[in-house]
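J.: There's a structure below that I have some questions on.
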């Protein structure tokens, strides 16, 4: 054991992840030692400070291009950009998670394990203070996402996948209202997520069998070798891709999405729609662009078919939805399809436009779910579409903001939704994937209908008896909404700075 | 060129109404009168600036004048580039004239207890901004942005301030246009890729000859569908009657008067100039669509019971004329088509406004609810008659000149289409005269007498609304030269882009119709 070589570790490059994991551990200790009444404020502060500190670390290390800890982690342009995006979106999600003014104790119950409907459970739904373990859980999850986009070998990627997923399973079960739905969502997400992880792991095993290594550079070399075992290669790639496509909510691996988005506490749904999407696509981009670009002609048609299926499924099923959160879930599935179109461009523009899309979509979807969390009646959030009728008359400000986000999702110019779609479609045509763009355009037409219907509901219908009120949000949700709407507008009107940034960042290290 | 043409007319014209919209939108609901006054003053200021620009435009100068270009998205080489040729200039002038008229016409249309008055006028000004932008843009990306954003204010005007079935009409209008727009989006991206990664119209037009034939045809189709929905040409027209009926009458005047012209303008500027070969290849199909549109829409107009729906169908028939004028590819027909765009804006705009005045008094748009109205409101009935005559292109009114130019310009190259289109004129006489006769002539409908508002003839405000349009229709009917002088060089340049040569030109160069 004398000559065991410890790999060199570049702590500076790893610091964003270390900060988040440290803050998560600190959060657990605080949970144990602080009196209940003071936990929320302190936990929220710790989490926010950690996110900002990690963001600063990312910005300070913006010129880092290294592969460290024995090739397990690659810090390069895409990693840093995606980490920065996850952290920024994480800050905004945390603002939503930390909101305690809209509902007494926040959107979370303190004891998720209580039998639903029991006396204790009803009591805690009514008044009990909220759960503050959500903060360390969120920190672990975000830390896992940072590692997920940086992972340079498949095992590290698997560990990151588990680290980001397990806290999310828990968080899904914590909704204060509609406990059964929430628990069902958590169980469904956990079971299907476990299958996906198993697929991923089995794929890793096959690829190890194929390449004799799990790091992406060796896989790349093995793929380039003319004498190769195609069964192991394509079997492994397919299984790994299934694991990742599950997380990105691409069809046919999307079935969990509507149920989980609907059942989970709305701030957690927002976190999943924004941050998890970035992380999952970050990992997918790295695997396809770094390890398997040698077989691009083989996987492009298959993933292209999946992209088409995803866009069609998301768009067509979105039309039939009557629940706002499910509608946004299907919209999120369709957006996963558009992102796949960008990924499949398989050129530098594809990489940069996908990253741009992730940021633009993330902020818009955070604002959308932020507003969903405010439209409430006595039973909590009023998510049925018909309940939103006439909202514009009662609360023009929030209805206006939501309409704007809907127009952005529909891809109307001067919103980030337009510039980002334009970017991915442009990249795809340059990459020779015109057929994907045509499907993308057609599904955009279909998708415009449900978005428009929401606007019609809010503005052109008369308010009825059952039109819920909009809660006056606390400072945190207001801040999240303002950030989301402003970024959506800014990226639509002056996208140049972020486009330049993504262009500069669009270079993987191998 | 130094001097007045360096003044950034177009960017100021585009942004100024937007500022006005923001100002008006923030006026409290209770101060409706103030909002109206500011909106009117603002639109008059736009008109004043447009008149200065008209004077500064040199008809014999460069094709594109007042060019401005500012950096926007360098990654895609998308720029804020504005420039106006003669075609764009006359359309800008039409917008500048129609918007104040429409604002004045809408003065009492909004029920303050139901809907916010300031928001309506803010939406009108926002619409003016996007309409000016779409005609002033000389960058394909910028054009697309205005083209799509234009939908949003109109959607809310129809949806929030319209009549019965306004939700249905607003959504239909939005979806139709958006679907067309998305086809264009795909074509815009494709154009960017094949055109050397730029959106600049001038650069694209310089390299357009080198486009692969098949690709260019697909791109042409993408643009053409968007414009054909917008215009609207048969068979993409079904949204217009619904929107025309549901929209408040003044807004409907803007919708058919200006918004729809974006379609025909887009065909001239983008389809013809950027894809000349494809334009020639598709021309027979477009001509057939135009001729079908003329006859089909005119027949439907004859059978309508609703005044606003009737006017909408007449509008579709007129767009058929504009369509054959464009795709005949002669300077004469092209000039006629552009002149038609202006005159149709004035004539149909006037018709919609007058119909709106009748509908506001009667509370119904059904032809059968009127009858003998001329005995109660003789002056208003006279204006309706005049608007109708202008709309059917009676000699002496401006539309006659343009319709005549289109028909002779088409006749020189496509005799059959021109002859069939002439049938449309007869049908136009039928639907206009029947409409006027059933509403204002004949025995007085006793139901009409019971409506107190029907006893009030045209008010001073309404006179001010219709007067400028009537004057323009008459003046341009006798002396169209100022407009044709501006249009002609731009149309000639467009026809050169298409690469067609005129068959032995007949004399229209000085704006007079050949004897």
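Quick reminder: no glycine exception, Cβ is built from N, Cα and C everywhere.
Keep in mind that this is a model prediction, so the values were computed, not measured.
Here TrEMBL flags A:12-34, A:41-60, A:80-98, A:157-175, A:187-211, A:231-256, A:268-289, A:301-320, A:327-346, A:396-415, A:435-460, A:472-494 (among others) as transmembrane segment. Feature annotation from TrEMBL assigns domain 'NADH:quinone oxidoreductase/Mrp antiporter transmembrane' to A:151-445.
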J.: Using a cut-off of under 8 Å between C-beta atoms, tell me which stretch among A:187-211, A:231-256, A:396-415, A:435-460, A:472-494 contacts the transmembrane segment (A:301-320) the most.
T.: A:435-460
J.: Mind checking which residues of the chain, 6+ beyond the ends of the transmembrane segment (A:157-175), have their Cβ under 8 Å from one of its Cβ atoms?
T.: 107-109, 112, 131, 134, 137-138, 140-145, 147-148, 151, 181-183, 185-187, 189-190, 193, 197, 200-201, 204, 243, 247, 260, 263-265, 268, 271-272, 276, 279, 283, 287
J.: What residues elsewhere in the chain lie close to the transmembrane segment (A:231-256), defined as a C-beta under 8 angstroms and at least 6 residues from its ends?
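T.: That would be 154, 161, 165, 188-189, 192-193, 195-197, 199-210, 222-223, 276-277, 279-281, 283-284, 287, 292, 295, 298-299, 302-303, 306-307, 309-310, 312-314, 332-333, 336-337, 339-340.
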J.: Should the transmembrane segment (A:472-494) and the transmembrane segment (A:327-346) be scored as in contact, given a threshold of at least 3 Cβ pairs under 8 Å and pairs 6 or more apart?
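T.: Result for the transmembrane segment (A:472-494) with the transmembrane segment (A:327-346) is no.
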J.: Give the nonlocal contacts of the transmembrane segment (A:396-415) in its own chain as ranges (CB under 8 Å, at least six residues past its ends).
T.: 331, 335, 364, 367-368, 371, 374-375, 421, 444, 447-448, 451-452, 454-455, 458-459, 470, 481, 484-485, 488-489, 491-493
J.: With Cβ-Cβ distances below 8 Å as the criterion, list the same-chain residues six or more beyond the ends of the transmembrane segment (A:327-346) that contact it, or say none.
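T.: That would be 248-251, 254, 257-258, 260-262, 269, 273, 277, 281, 284-285, 288-289, 293, 296, 300, 303-304, 306-315, 317-318, 321, 353-354, 357-358, 361, 365, 368-369, 372, 385, 409, 421, 423-425, 427-428, 430-431, 433, 436-437, 440, 443, 447, 450-451, 454.
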